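Per TrEMBL, transmembrane segment is recorded for 38-57, 72-98, 119-141, 161-182, 189-211, 231-250, 271-293, 377-397, 403-425, 437-462, 474-493.
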Amino acid sequence: MASAEAATDTNNSKSSSVDLDAVKLAEMGYKQDMQRNFSVWSVLGVGFSLTNSWWGISAAMITGINSGGPMLIIYGIILITLISTCVGISLSELASALPNAGGQYFWANELAPKKYASFASYLTGWFAWWGSIFTSASVALSMGSALVGCYQLNHPDFVILPWHVFVAYQITNIFCFFFNCYGKTLPTVAQVTLCISLCSFTVILVTVPAVAPTHQHASFVFTTFINNTGWAEGGIAFIVGLVNTNWSFACLDAATHLAEEVRNPERMVPIAIMGTVAIGFVTSWFFSIAMFFSIVGDFANISATTTFVPILELFYQALSSRGGATALESLIIATGFGCLVASHTWQSRLCWSFARDRGLPGHKWLSQVDKKLDVPLYAHFVSCVIVAIVGCLYLASLTAFNSMITACIVLLYISYSIPIICLLIRGRDTIKPGPFWLGPFGLFSNIVLLCWTLFTLVMYSFPYTKPIKSSNMNYVSAVYGVVTIIMVADWVVRGRKSFRGVGERKSDVQEVSRVVVRSASIH
C-alpha cells in the first residue's frame, strides 16, 4: 500500500521508483541484480548506436554496391524502414507488457503453451544470443576493413591481404571490450556515442556535397540499377543486395535487454525502439542521397577501389585529398566504435539474462553480476571471446562479411518470431497490455514480421554472386546448421533437465518478493 502511494506521489523519491520497478521484476521471478543507471536518452543511445542506420549504409557499400547500386539503397531503405516499423511495434508491445532483460526468450517463456514453453524459450534465447554474436562480428569486420582501407589509401603500394583485416578485427574487438567493464560509465558512453554518430553524420552530409567538384544527375541517384552479381534475374540481384540495407536496421531488440537498468521500462523501452527506427530512416536516407549525388566520375571506380572500402574512395574522389578522405572516414570509424561498444553491451545482457534461467553451459558464472563494476563481466568476456573466434571465418572466405550480417539478421528475426507466434496462438487479448499497445495495427505488424522472417530465411541464403565458387559461396546455411547442432546437443545433454522454465520461475516469485521487501525495508 505504501509503495502504491509513493508511486502516485508527485514528490516521490528516486529510491521509491527503483523499489516499485524491483517489485514488478520480482513478480516475474527475478531479483534486482543490476542498478537502474540508464535514462531514456542513454537507452536510446545504446539502441541507435547499435542499429546506427546511416553508419550501416556506409559500411554496407562494401558488398552491396554491385547488387543494385543507388536504386537498391535509396528504395531499399524505404522498404526496410516500413518493415522495421512493424518489427519495432511488435517488440515494443511485448516490451511494454512484459519488461524484462531477457527480452524475446522471456516473452516466449510467458506466452507459449506450458507443454512447449521451456523449449520455445530455450530456442529463442540461443537464436537471440547467436544473432548478437554475429552482429558484433560483422561490426568488428567492417571496422577492420575501414582501418586497413585508410592505411592503404595513404600507402598506395600496400596490398591488402585477408590477414591484415583479421588482425584489425581482433584489435577492434579487444579495444571495445574495455568500455563495457564498468557499469556506471555506460550510460554516459551511450549518450556520447549517440552524439558522435549524429555529429559525424552532419559533418559528412554537409562537407562531401559541398566540396565535390561535380555532381550526379537525379536520374542516376533515383533510377540507376546496377547488377554485377552474375544473376540474370534483376529481382534476385535486388534481394541479394537488400541484405546489406536490412543490416542497417537490425538489432532493434537491443533496448529491451536494458529493461532492468532503466526506470519505467514499460514506457522508456518502446520510446527507444521506435525512436531508433525514426532516426535511422532520416539519417540513412538523406546520407545515401547526398553520397550518391556526390560521386565524381565513373561509378565503377568506387566499387573497384583498392582500399575495398567504397565510401572511402567516394570521399577521396570528392575531396581530392587523401588526408581529407581519411579524416571523414575517421568519423565513420569513431561511430563504428560506438556501434561495437553498444553491441557488446547488448550481447552481454543477452548472455547474462539467459544464464539466469540456466539456458547456457557455465550458467553459474555467466549469470553473475560483479557488484563493484555493476556489469555481468563473465558474460561479457565469454561473448567477446566467441566474437574473436567467429572472426576466423574471414580467413576462410572473403564473403564472410555477408554471411555474418545475414546470420545476424535472420537469427534475430527468428528470435522475434517465436514469441510472436506464441502470442498469436494464445490470443493477443489474453495478456495485459502495457502503455504501448496498438491493437489491430499491432496484429498487422505481427503478421508482417512473421512473413518477412520466412522470406529472409529463404531468400537471404542465396549465393551473392555467380558463377558459384567456394570463395564466394554464401555459407550462412552452414552457420544455421552449426548453431542448430550446438543448441540441440546442449538441450539433450543439459538444457532439458536444468533450464528454469515458467513453472519453476513462478514458484520462485514468493521467495524473490520477500527478498525485495526485506531489501526495501533496510533502505
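Cβ atoms here come from the backbone N, Cα and C positions, even for glycine.
Any TrEMBL annotation is an automated prediction that lacks curation.
Looking at 72-98, 119-141, 437-462, 474-493, the range that has the most CB pairs within less than 8 A of the transmembrane segment (161-182) turns out to be 119-141. The transmembrane segment (271-293) makes contact with the transmembrane segment (38-57): 3 or more of their CB pairs lie within 8 A, with pairs spaced 6 or more apart in sequence. With a cut-off of 8 Å between Cβ atoms, the residues of this chain six or more beyond the transmembrane segment (474-493) that come close are 119, 122-123, 126-127, 130, 134, 360-361, 393, 397, 399-400, 402-403, 406-407, 410-411, 460-464. Within the chain carrying the transmembrane segment (119-141), a Cβ under 8 angstroms from the stretch's Cβ atoms is held by residues 50, 102-109, 112, 165, 169, 172-173, 176, 247, 250-251, 253, 336, 339-340, 343-344, 346-347, 350-351, 354, 357, 359-360, 383-384, 386-387, 390-391, 393-394, 400-401, 404-405, 407-409, 411-412, 414-415, 418-419, 422, 479, 483, 486-487, 490-491, 495-496, 499, 501-502, all 6 or more beyond its ends. Count of Cβ pairs under 8 Å against the transmembrane segment (403-425): among 38-57, 189-211, 377-397, 437-462, the largest is for 437-462. Counting only same-chain residues 6+ beyond the ends of the transmembrane segment (38-57), those with a CB under 8 A from a CB of the stretch are 73, 77, 135, 186-188, 190-194, 197, 201, 245, 247-252, 254-255, 258, 261-262, 268-269, 271-273, 275-276, 279-281, 283-284, 287-288, 332, 335-336, 338-339, 341-343, 345-346.
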